[in-house]
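*Asks:* Before I ask anything, here is the structure I am working with.
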Amino acid sequence: MNKSISNVSSSQETSSRFLSWSTQPITLNAAIIALFHAFLAAQLWTGDFFNSYAYMSDDSFDWVTQGVALNQLISGVDGSDWPVLRQPVFVFIAALDDILGSHGIAFLFAQLLAVFVTCYALGEFARKKGFSIWVSILVPLAWYFSIIGFYKFWILSDTLASSFMTLSVVLLLERLEKLNDTTNAAVLTFQEKFKILLPALCVSALAGLTQTYGLIPFLVIPTVYIASYFLKWTSKSTAIFAGLAMISATLLVFGGKAVWSAIIPHASEPKQFVLLEVGLGMASFYSSVWPLAFGTFLPAILVGIYARFKSKLWIPSVEQLALLGLMSAFATMTFIYQWTESRLTYMYLPLVWLTLLAWNNKVVSYMTPSLTRLSERVLLVASTTTIAVGLIIHPGDYWKPDLAKTRLAPSQNWILSTFTAQPLDRFHLQTMCEGMSDVCEKAEYLPQASPYRTMMFEEYKRRTLLEEE
């Protein structure tokens, strides 16, 4: 009787958070940021989404085309090979958009969801670490307006993968701490303990099936918790379930990818691991990217170190070590990945904020009133200065920032650029097809075409015209 009363289900706990007074401002803040994002994004296309959306990269051509291809494969219209096979989750979003008429609604909703989830996860994590509502509101804003935050408007899967990954980290840490509570460990059955981890596991699988790097938190964090068991910092039960979470997430992601690869006819898949090369070849690039992206965090990092030094507490918590290990894993991986795009830093930016919040945790016993006030202030400073940098500094090239070309240019920040951007007519539908809504036989991608984009456009046009026959 007491057990059933005291052990509230994870789903009930999650749903009640949105209704509690303490989280309402956090939820509202996340919703406002997401709606602001949707408002800006909705101005970027008209008619056919693929033709007119302002921010399309080579990868974007893949996603949109594969959405059409998936629907044709399922319906039996066309079962021919796809030129390139991408990860399934974002392809399903593209397929949904194709079903809805290629008007961009599914992509817009996916972006809105990703922004909301990331902002809510960051705000809620800040609240649980004892920070004021101002920090809980400003940290999500700082993530959104970061100098490398412009990727949210591109038709890429990274923002969605990063949001799932961030939520999975917050859920996993919260649930591992719950399992590490000796009171819970004594009364919960195996099935109940696994059920506690299930939400985090499902979100991690979504992250990993959106981008493979979304699985990394479920490899690093459980490893730290397992290692901490041998140092007597966590219970045996926690270590076992951390390992179970790691194995389950890995099987779900790689099993799902194997099934996806087996059922979809395709000519090739992206070979990303060949770009990993240990060395200092990327040092020059990241000497510009990281100071711009993380330079405003330095005061908060120093205060976190000072607080531990002042309290003579040299051993961090398992959670702090797990987040530091996770951030280090991403930084190392991107440093040895031979690809010069700030997008590789953007994808783990929320994890850096989580680490910063955890290392300045205000609810731990060693934080005296003076230290908690200092911790609060430096997080406020870090948040506001990050927003300011994003709004007034231009890094020369947002994709490839360069400190030598960085300048004060508030009129050229990515928010204003997005606000003033206009829909395109990249396939000349207005003149060749008598309107912006439908691709016709005369549509072409010239003169700005690259060979790869031309190939994907021809594939998209072929499939689109096939549907009209």
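Glycine too: its Cβ is placed from the backbone N, Cα and C atoms.
Feature table excerpt (TrEMBL):
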type	residues	note
TRANSMEM	26-46	transmembrane segment
TRANSMEM	105-123	transmembrane segment
TRANSMEM	130-147	transmembrane segment
TRANSMEM	215-231	transmembrane segment
TRANSMEM	238-263	transmembrane segment
TRANSMEM	283-309	transmembrane segment
TRANSMEM	321-340	transmembrane segment
TRANSMEM	346-366	transmembrane segment
TRANSMEM	378-396	transmembrane segment
*Asks:* Who are the chain neighbours of the transmembrane segment (130-147) in space, where the CB to CB distance is under 8 Å and they lie at least 6 residues beyond its ends?
*Replies:* 25-26, 29-30, 33, 37, 115, 118-120, 122-124, 292-293, 346, 349-350, 353, 357, 361-363, 372, 375-376, 379-380, 382-384, 386-387, 389-391, 393, 395, 398, 401, 415
*Asks:* With an 8 Å cut-off on Cβ pairs and a sequence gap of 6 or more, do the transmembrane segment (321-340) and the transmembrane segment (215-231) reach 3 or more such pairs?
*Replies:* yes
*Asks:* Hey, does the transmembrane segment (238-263) touch the transmembrane segment (105-123), meaning at least 3 C-beta pairs closer than 8 angstroms, sequence gap 6 or more?
*Replies:* no
*Asks:* Taking 26-46, 238-263, 283-309 as candidates, which has the most Cβ pairs under 8 Å with the transmembrane segment (378-396)?
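*Replies:* Per the Cβ count, the answer is 283-309.
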*Asks:* Near the transmembrane segment (283-309), which same-chain residues lie under 8 Å Cβ to Cβ, leaving out any that are not at least 6 residues past its ends?
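*Replies:* Same-chain residues near the transmembrane segment (283-309) but 6 or more away: 146-148, 316, 334-335, 340, 342, 345-346, 349, 352, 356, 359-360, 366-367, 371, 374-375, 378-379, 381-382, 385-386, 389, 393, 395, 400-404, 406.
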